[in-house]
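Enquirer: So TrEMBL has the following annotated:
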- A:Arg90, A:Asn144, A:Arg261: substrate binding site (BINDING)
- A:Cys164, A:His194: Mn(2+) binding site (BINDING)
- A:190-393: domain 'Glycosyl hydrolase family 4 C-terminal' (DOMAIN)
- A:Glu106: site 'Increases basicity of active site Tyr' (SITE)
Protein chains: 4
Amino acid sequence: MKLAVVGGGSTYTPELIDGFARLREELPLTEIALIDPHEHRLELVAGMSRRMLARAGHQAAVHATADLAEGVAGAQAVLLQLRVGGQAARDVDETLPLECGCVGQETTGAGGLAKALRTVPVVLDIAETVARHAPQAWIVDFTNPVGIVTRALLDAGHRAIGLCNVAIGFQRRFARHLGVAPKRISLGHVGLNHLTWERSVHLDGQDVLPALLAEHGTEIADTVGLPERLLHRLGAVPSYYLRYFYEHDLVVEEQRGKPSRAADVAAMETALLSIYADRAADAKPELLEKRGGAFYSEAAVALIASLLGDRGDTQIVNVRNGSTLPFLPPEAVIEVPAAISGAGAVPLAVDPVEPLYAGLISHVSAYESLALDAALRGGVERVEDALLAHPLIGQASLAADLAARLVAANTAHLPWARS
Amino acid sequence: MKLAVVGGGSTYTPELIDGFARLREELPLTEIALIDPHEHRLELVAGMSRRMLARAGHQAAVHATADLAEGVAGAQAVLLQLRVGGQAARDVDETLPLECGCVGQETTGAGGLAKALRTVPVVLDIAETVARHAPQAWIVDFTNPVGIVTRALLDAGHRAIGLCNVAIGFQRRFARHLGVAPKRISLGHVGLNHLTWERSVHLDGQDVLPALLAEHGTEIADTVGLPERLLHRLGAVPSYYLRYFYEHDLVVEEQRGKPSRAADVAAMETALLSIYADRAADAKPELLEKRGGAFYSEAAVALIASLLGDRGDTQIVNVRNGSTLPFLPPEAVIEVPAAISGAGAVPLAVDPVEPLYAGLISHVSAYESLALDAALRGGVERVEDALLAHPLIGQASLAADLAARLVAANTAHLPWARS
Amino acid sequence: MKLAVVGGGSTYTPELIDGFARLREELPLTEIALIDPHEHRLELVAGMSRRMLARAGHQAAVHATADLAEGVAGAQAVLLQLRVGGQAARDVDETLPLECGCVGQETTGAGGLAKALRTVPVVLDIAETVARHAPQAWIVDFTNPVGIVTRALLDAGHRAIGLCNVAIGFQRRFARHLGVAPKRISLGHVGLNHLTWERSVHLDGQDVLPALLAEHGTEIADTVGLPERLLHRLGAVPSYYLRYFYEHDLVVEEQRGKPSRAADVAAMETALLSIYADRAADAKPELLEKRGGAFYSEAAVALIASLLGDRGDTQIVNVRNGSTLPFLPPEAVIEVPAAISGAGAVPLAVDPVEPLYAGLISHVSAYESLALDAALRGGVERVEDALLAHPLIGQASLAADLAARLVAANTAHLPWARS
Amino acid sequence: MKLAVVGGGSTYTPELIDGFARLREELPLTEIALIDPHEHRLELVAGMSRRMLARAGHQAAVHATADLAEGVAGAQAVLLQLRVGGQAARDVDETLPLECGCVGQETTGAGGLAKALRTVPVVLDIAETVARHAPQAWIVDFTNPVGIVTRALLDAGHRAIGLCNVAIGFQRRFARHLGVAPKRISLGHVGLNHLTWERSVHLDGQDVLPALLAEHGTEIADTVGLPERLLHRLGAVPSYYLRYFYEHDLVVEEQRGKPSRAADVAAMETALLSIYADRAADAKPELLEKRGGAFYSEAAVALIASLLGDRGDTQIVNVRNGSTLPFLPPEAVIEVPAAISGAGAVPLAVDPVEPLYAGLISHVSAYESLALDAALRGGVERVEDALLAHPLIGQASLAADLAARLVAANTAHLPWARS
């Protein structure tokens, strides 16, 4: 069983490798291809990965290559975890919107749009190569903005599923609060990628969310950065990405006084690479915990195991809406529980969504369709339209200003913006 | 043919009377009941109304009364044009949100919510009296927020239609630009009350909107207070209420430097009342033009004439969505062209709505359902939820702050807020 | 104002001409082109038409031609009233299904499918010529099966509206029962062409259907050929085409003992043509009353007058469903009240349809989409599928048998069936 | 773990017991309550059941009682397998419609309606008792017509799921053809209970239906009693209940020459009871194979195990539609794959349904809602409406005749029909 990781030279990769080692019984990999154009970094990461697998006694071969076609050939699954433009581009996503009074975040608002513009064409090129050299492979997309990227892949006809670690993070956290094994917890998770609410938490078939909020409301509110009172009123737990909406101005204020997350991560990456360069290092460094992306390997292993093993169990992924949320178009991509089998991910029916959530979901989903259009066809006016359609922007002069700045700052990554 | 005007003591009434006089062939009224609890003001307005009708040679009797049941008895149509709390309450709607950085407007955003909270219960009481004393009468609601008030009336089972002068204003303006009779113009008007776009302008069956924008784009953009470039890009004309969304921050800045519209109107009302008190005055004063509400009488006369005369023609009104906009719930109220006959208003099918508009419409419609819930059931937390659901508010701390202030400032008008 | 009639050589044409003469104020025609490949018959009909117009003092020129392009050039409206294969093909539609125990009717069931197979390609060819030579013209389709033909025209992008005389027939009949002018009656007509129910009858805005059924139930039941008890139970009036469903076996029995309608009409046509050949004849012959198609000219004149005069009034036509009946696909064609203006026909919203009607409508609409597919792409298996999808056939062996027979009997008219 | 079987005195029960014994690891029962008012038969069946369990070394206690409340108290799951009126009533269902030229079947057409009328009120009474004495228990309904009965239970607020053995039968059969373990097969099963099509057959994630039809088409066609040619044309496998639609007249002819299935089963029951009376008998008799209901125990064990064990896997059951099939109302009950967990059954999204199936599904679903209405509210006219709404009846005189006969023949079981 061969798995390919596009963007395998990321400093994050050892986290994935650690998961593959721990979960080898669930997913018995025999080959892991790490694919990355940054050959020096790739070499360091691949070396570290081999030592980690060796220490764990895992037999899988690690193949490092800059050649995408070679890397994906024969793979049954391809993970996408790339970052077009690296931390430098992310730094722009996080700081430029701030100058206009808007939240600076690489997946939400103006920053998320910039990332979509850079990422969608690159991912579609990669997927074309996958389709040619590993036509049966499942493409699992971690690359943000996952909702838009997944829709781009599905629209182009690829065997793709989008994956995020928000849901698994809640599952683990709630299990810890309840003192039970995570697999006994099922989430009533609904929305779009990075715009989700947990409306129920089932333990052995009973909804324990009311009890969970009663006993652990303070900690949960703390984790998502929202007033505990709000969670009690909603009777639901918004993801921490909803903080960018529900506490937008507060976040802007906080962000203004701090270095960007990109700057933090860039520093962390330098430190991680120097650890990976140490030929004696063979254990996941603690620093990696702060890198983000917790439980991604668990989620990815479970997803791939169910796809390849045709397990038919329920996992939370990004899939086509179809008629699941009747207030969204069928072609929209949503993040909900789905049955995962060899035939792919099929969303489960969802209880009617409350207006308080449905209104915002509709608004952001409409933005996503315009963002995808801008990413595919280019043009500063399409960028402006997408920004005008976003509930966190929504103003004409602001959209014009931000569109001009974002395009100018990303010219290197937007072929249509050059000339 | 008897017509009753609830809120008939408004200084605006002579505008209506002027219309009834001009359009007597379309709507041959024999009795006009002006109903208002402010008896002194009502007396002045009724006197002025009688002199205006006499000057025009119109035979209709004007009956002034503070007794609602007596006033509506036997009426075929009842116009609602009341303002709970008067200009003083409006002043709060327009200034309080500004203190929190939000637009101050009596129909949009936090101000619109406050007005809905005050107005819905009063209007429902009035409608009950109408149902008892004039069970066949059509209730035509001008009272803002028209979308929410109309939905409240329909949910309670009343024969009600909501009416706004935005659409007729565009029809008259476009006709003037084109040099044609207004009745030859049909608008592709879609959205919610005070959240609408003109997507087409048909003259004798041909869409002349592109030509209209090409030749008169500057003036039209000026009227709606939006960048001309935006109108060309959209290929559509947003109503000027969309300026509160599309240029929110700019409006806030402008509003901060100026007296409220309520203060202006209060001054104007004093001046108008002194004119009405003049027993020689029998012509509509020029000052009334600045009072707002242009063409309301035209719109109302046309609507009532079609309802009572079973004309089956097309007019733009506020009606139940049904399956017209499939992305909204059937019970939502929308503002679109409808066929008006003796059986009421039936919306015409609408071309699929672009995501740029549909996203915002969905968001605001969800807010409206929560606003109505807050108005009917009360409670500061429901007010908070409605504010959190509004795209112009949408933040938790802000919603909590605004909810507390709005409720406090409106206690006199909110029975549930006292105790 | 020029109007072209494709199939103008029909013996029915003088009925149309009579209407144009009577309704000249509503539709001031200056030229009528009668187009037909049967030149001899066309000559007789055109002569009769000219004499009728002359007698009525109508100035319109009648132009008779076998050349479609010439005939339609410059027309503002084109009526389609052709019959591919003439009464001979109709005779097959009416008798062949009977041999298999199915109703023999030229618009319903197997006969309707055969007619659709013959007609759709011919009508699409004609519409192409219209699009080239009279690109602004409205195509008004009378040609049956109107629902399927209209959908074919709309799918191909033509400016087409389907028209049937069932609704206007009910309006006239109910008006007569009530002793009022027909224009005061509005029907709550819903369904598909030849599969409709009147769910309400509004007179000046009040639903008088209950009273109408109470007082005239016996006559109405007689007209539609259904048990009066059924009408009372439904509280609605099915069209007489529903007799083919609601009394299918009884109709089969009746039909078996009688000559086909095609045979009757063929005899009538011979008689009519001999009248038309009489150069002294200048009045609509009484015999024409029995020819069918009553009030078609009234309906057509009203429709064209509203399209060309941009009247915006309500008429019952065949249009795209969109979201009007949410249980049907948007691309389906339905028969409902619509607002008719220069921009075309826009369906009005419809109250939720009762399951008793919605189930049958869904079933027949699904059949219609398969019938259209068979007509466009050919193949005996597609014909079989369409028959299997029809609620009056619905059996596999029967569908196979009927498909083979229908295709064999219509080979002359089905290019794909030859070879 | 206690399970209660309502109708436990059925001769079919030993089939269930055999399954519980074989599948004890999946579902470790400790108590089985057999509940039946026919105490003598119950005693025979309970004795046989105890001997079978003893022979298999299964520890579960078998408790036989005529007292429903006592029997269900403390149960985690309650199976409903009753038959109101027994084989005598079934005989009427199967023979009375034949006299009117309609198929005689106890779940489809007029017979199915009669069974629904008898069964729904009884099942609702039982469910009330379950709700009082075992409020956490899941009600698994086998009792036909499963779709209508399940909807009745859900409408009344019960924790109910409908189960049928058609899907599991196909799974087992296809697995046998393919020579693989059944659990590797997933069906693309869609429709309503007893009105379903298999549109895909996935083996380890690949659709093998085309290959299956190519290699085993003849046998499969034979099993479902339909022409092999039809299956190839559809590229799908209809259930054998669709034979009552697709070969209606042929079935009527066959049925006319044969004793009813009820008569056969009655004879078989006598034979089975004499076996059960034999105190030496402790193995499932071969004769039981012919009794029908194959694999029901497998399906029931899997369903209950997933409900109680919160497994989250995919099984085919009868559930609320919600927005799954957008052409049906949300409250309809459909039969599709669903994720089964402690929280119940949640339908998975379904690919758009072809018109050939969707038309018939819509029609029958509309009938089901009228059938349920007739069962709940009674009245011969409601029975008539339901029959008129059924695609296999659909005629007014026929519906009137059948309604009168069915009600008369079932008076003993229809309280509203007596007086």
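Every residue, even glycine, has its Cβ placed from backbone N, Cα and C.
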Enquirer: Across all protein chains in the structure, which of the binding-site residues A:Asn144, A:Cys164 has the highest Cβ count within 10 Å?
Expert: A:Cys164
Enquirer: Just to verify a number: CA distance, A:Glu106 (site 'Increases basicity of active site Tyr') to A:Cys164 (Mn(2+) binding site), in angstrom, no decimals.
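Expert: So the alpha carbons of A:Glu106 (site 'Increases basicity of active site Tyr') and A:Cys164 (Mn(2+) binding site) sit roughly 14 Å from each other.
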Enquirer: Once the chains shown are all counted, how many other Cβ atoms turn up within 10 Å of the Cβ of A:Glu106 (site 'Increases basicity of active site Tyr')?
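Expert: Step by step: centre on the Cβ of A:Glu106 (site 'Increases basicity of active site Tyr'), count other Cβ atoms within 10 Å, giving 22.
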Enquirer: Counting other CB atoms within 10 A of each CB, which of the binding-site residues A:His194, A:Arg261 comes out lowest?
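Expert: Ranked by other Cβ atoms within 10 Å, the binding-site residues A:His194, A:Arg261 bottom out at A:Arg261.
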Enquirer: Could you tell me which three-state DSSP class A:Cys164 (Mn(2+) binding site) falls into?
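Expert: The residue in question, A:Cys164 (Mn(2+) binding site), is coil (DSSP, three-state).
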Enquirer: Which chain neighbours of the substrate site, leaving out A:Arg90, A:Asn144, A:Arg261, have a Cβ atom within 8 Å of the mean position of the site's Cβ atoms?
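Expert: For the substrate site the neighbour list reads A:Arg83, A:Gln87, A:Asp93, A:Glu94, A:Gln105, A:Glu106, A:Thr107, A:Gly111, A:Lys115, A:Ala262, A:Val265.
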Enquirer: How big is the gap, in Å, between the Cα of A:Arg90 (substrate binding site) and that of A:His194 (Mn(2+) binding site), rounded to a whole number?
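Expert: Cα-Cα, rounded: 17 Å.
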Enquirer: Distance between A:His194 (Mn(2+) binding site) and A:Asn144 (substrate binding site) at the Cα atoms, whole Å?
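Expert: The separation of the Cα atoms works out to 10 Å.
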Enquirer: Taking only the residues the record lists as binding substrate, namely A:Arg90, A:Asn144, A:Arg261, what is the largest Cα to Cα distance between any two of them, in Å to the nearest whole number?
Expert: 15
Enquirer: Let me know the model's mean pLDDT on the domain 'Glycosyl hydrolase family 4 C-terminal' (A:190-393).
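Expert: A mean pLDDT of 96 is what the model gives the domain 'Glycosyl hydrolase family 4 C-terminal' (A:190-393).
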Enquirer: Hey, how far is A:Asn144 (substrate binding site) from A:Cys164 (Mn(2+) binding site), Cα to Cα, in Å?
Expert: 9
Enquirer: According to DSSP, does A:Arg90 (substrate binding site) sit in a helix, a strand, or coil?
Expert: helix
Enquirer: Please work out the number of neighbouring Cβ atoms within 10 Å of the Cβ of A:Arg90 (substrate binding site), leaving out its own Cβ.
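Expert: So the number of other Cβ atoms within 10 Å of A:Arg90 (substrate binding site) is 26.
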Enquirer: A:Cys164 (Mn(2+) binding site) to A:Arg261 (substrate binding site): how many Å between their Cα atoms?
Expert: 19
